[in-house]
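Pulled from TrEMBL:
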- A:G22, A:K23, A:G24, A:G25, A:V26, A:G27, A:K28, A:S29: ATP binding site (BINDING)
- A:C196, A:C199: [4Fe-4S] cluster binding site (BINDING)
Amino acid sequence: MEGAAEPGNLAGVRHIILVLSGKGGVGKSTVSTELALALRHAGKKVGILDVDLCGPSIPRMLGAQGRAVHQCDRGWAPVFLDREQSISLMSVGFLLEKPDEAVVWRGPKKNALIKQFVSDVAWGELDYLVVDTPPGTSDEHMAAIEALRPYQPLGALVVTTPQAVSVGDVRRELTFCRKTGLRVMGVVENMSGFTCPHCAECTSVFSRGGGEELAQLAGVPFLGSVPLDPALMRSLEEGHDFIQEFPGSPAFAALTSIAQKILDATPACLP
Amino acid sequence: MEEVPHDCPGADSPQAGRGASCQGCPNQRLCASGAGATPDPAIEEIKEKMKTVKHKILVLSGKGGVGKSTFSAHLARGLAEDENTQIALLDIDICGPSIPKIMGLEGEQVHQSGSGWSPVYVEDNLGVMSVGFLLSSPDDAVIWRGPKKNGMIKQFLRDVDWGEVDYLIVDTPPGTSDEHLSVVQYLAAAHIDGAVIITTPQEVSLQDVRKEINFCRKVKLPIIGVVENMSGFICPKCKKESQIFPPTTGGAELMCQDLEVPLLGRVPLDPLIGIQEFCNLHQSKEENLISS
């Protein structure tokens with residue numbers, strides 16, 4: 001095995017995108033999952049790194065619960081979700097003996113695992129690595145950014161919901177991005193209204209307008225609003241590919257448009 | 001405490017500083033000296049301080065965005081409807097302090113007195129404390145690692161002059177990490193009545209909430225029960241019900257049966273809550289919550 005000259009496990013990863021929010025429950029994991037699926041449907045090879053150690057949601061959203069992680073000669077092999085190996089995933093969820101086991105760790109131990117996730121997972125060649133994070137501006141975020149900094153992440157997608165309570169936390173996340181030198185690719189507003197399946201009346205369940213106002217206030221692009229969509233919810237619950245199965249559903253247009261904006265914002269790479 | 005070996009035995013373990021994995025750890029000497037094994041003096045100080053607090057309730061969830069802060073605020077307001085009851089609401093979500101906004105107290109500042117920090121009183125009998133009151137701008141981010149967050153929580157419990165309190169309600173961030181361990185450890189000698197755990201109906205929440213229930217059992221924190229929030233939505237136009245967050249695996253009801261914890265009740269999605277919080281109206285929906 002080569003020593004210091006061996007390139008790191010991220011050397012084959014062309015673009016890294018972090019998905020952040022100051023607020024919990026706004027849809028970071030949903031956006032990470034759907035973005036990854038949409039990019040894969042656009043012909044890209046995508047990896048997802050789930051650094052939410054206390055609440056790892058991504059395995060379930062992609063129907064990968066219970067999968068095992070194997071060692072290879074360069075470290076851990078990520079879990080591949082398809083035969084073509086076009087989408088792969090690493091999450092602490094795969095390392096738990098029982099799915100309901102709580103990861104009750106303080107900061108230093110979380111930092112150590114996140115560093116390992118960045119340096120010891122053999123991602124191989126990827127067009128995009130999407131990094132899903134827990135809510136907040138603390139250990140996990142600092143550890144992920146420190147470990148990823150040498151690989152120059154493309155930037156951060158910041159997710160909010162429309163109401164003031166979310167926007168209040170997400171403003172702080174934008175400050176975090178500024179202070180850590182992480183470029184904000186844009187703001188996504190999730191849970192933007194619900195269309196009643198009985199009468200088609202659209203209700204702003206979680207208030208309205210906050211995402212777009214926040215993007216304007218912070219001088220960053222507004223990437224789009226994703227409505228509440230029962231078909232999206234079910235796909236996430238059951239681990240199905242929403243992008244493939246529900247092209248006519250309300251959230252599909254918004255999510256694919258956001259993915260297209262990411263593709264458009266990605267600089268071309270030298271071969 | 002930044003770089004800790006992967007197989008760290010723990011600062012309070014008999015192997016602290018002596019194990020094979022301790023070699024090279026920056027804290028090795030500190031651990032080997034036995035410093036980690038002595039209890040934090042703050043625990044006794046907090047026990048003394050908490051003697052004037054009759055009941056302590058933690059509001060938890062493994063999952064973010066399920067309505068912990070909303071529930072905590074409405075519970076506090078509901079209990080405070082009885083003018084003879086003194087209520088304290090403590091927000092230990094250091095990175096995402098929502099309570100000031102929900103309670104209509106944005107922009108308020110904390111004052112020091114001879115007996116410690118004064119909570120911000122929204123009513124004569126309802127005092128509130130949050131890191132939000134210590135920030136000078138809504139854009140200020142609290143970018144702190146675990147140990148610094150723990151220090152803040154210790155100060156909130158030890159240095160705030162709550163006075164005589166009937167109920168202390170502690171709103172927490174999502175997860176099972178520093179903040180949760182710290183509040184349980186610091187209040188260990190002072191007796192916590194129990195935890196109310198908030199969830200929403202779908203499995204993506206329940207899978208995190210099961211972990212929170214296991215956390216409570218691990219740290220021997222009694223569970224008062226579970227509240228299922230965002231349970232159904234009534235269309236304001238046609239009045240028909242939809243499940244925006246579908247209980248695909250049986251919702252909180254089945255989880256509570258499986259894990260033998262009480263289900264305290266269900267709260268529907270109500271667009272007015274978002275508007276109320278924005279407009280700082282002081283009506284609350286606590287009747288539903290208290291009666292369950």
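Including glycine, each Cβ sits where the backbone N, Cα and C put it.
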Pop the Cα-Cα gap between A:C196 ([4Fe-4S] cluster binding site) and A:S29 (ATP binding site) into the table, whole Å please.
24
Are there any residues in the same chain, six or more apart in sequence, whose C-beta is under 8 angstroms from the C-beta of A:C196 ([4Fe-4S] cluster binding site), and if so which?
A:C202, A:T203
Between A:C199 ([4Fe-4S] cluster binding site) and A:G27 (ATP binding site): CA-CA distance (Å):
26
Secondary-structure category, per DSSP, in which A:K28 (ATP binding site) falls
helix
Nearest-integer angstrom distance between the alpha carbons (Cα) of A:G24 (ATP binding site) and A:C199 ([4Fe-4S] cluster binding site):
31
Alpha-carbon spacing, A:K23 (ATP binding site) to A:C199 ([4Fe-4S] cluster binding site), which is rounded to whole Å
31
Please report how many Å separate the Cα atom of A:V26 (ATP binding site) from that of A:C199 ([4Fe-4S] cluster binding site), as a whole number.
26
Rounded Cα separation (Å) that holds between A:C199 ([4Fe-4S] cluster binding site) and A:K28 (ATP binding site)
29
